[in-house]
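A quick write-up on the structure given underneath.
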């Protein structure tokens, strides 16, 4: 199998290093890294076209779809796969419209990620596993879609600041959602909300 030239562009150092380590261990990838949009564009100029660029949707300089389109144009002839905590169908559709060839959630397993990158490198398209799922099926009863996502991130151990980054919202907005989640779940604090939420989410996912 031909080696895939891959640029991993993400400003979250721990996540980026983890991805690089996992993909290096799997083999088949020639890896380059970047932490901002400017660094990504500079890497393309220096290296030339990458087979695939794994691009964080919210890293510094991106400005959402504007940054995606800029990287797609700079890496003409190669593929761009967007990576984000937000896998709402509307976001995926917009990313594809500006030229992305895939959209992966940050919760994707290393095996699935490697398979997704290989498929895109071969000319295919990769979409999230739940891309075609009815959004209502993943919303907890009594919570809004946004509140359900906040709760999922809380159960994963993310802080308000980290959740805000993943959802591309302000920390103040996340705090508002968090207060609402606590009230609706009857939780006294974040820790209790996470405990209650973990049970509710597991039950909901099993039913779905």
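From the backbone N, Cα and C atoms, a Cβ is placed for every residue, glycine too.
Residues or ranges marked as domain 'Response regulatory' in TrEMBL: 5-121. Helix, strand and coil counts from DSSP across the domain 'Response regulatory' (5-121) read 56 helix, 26 strand, 35 coil.
Residues or ranges marked as domain 'HTH luxR-type' by TrEMBL: 136-201.
Using a 10 Å Cβ-Cβ cutoff, residue 56 (4-aspartylphosphate) registers 26 neighbours. Sequence annotations record features per position, and here TrEMBL assigns 4-aspartylphosphate to 56.
Across the domain 'Response regulatory' (5-121), mean pLDDT in this model comes to 91.
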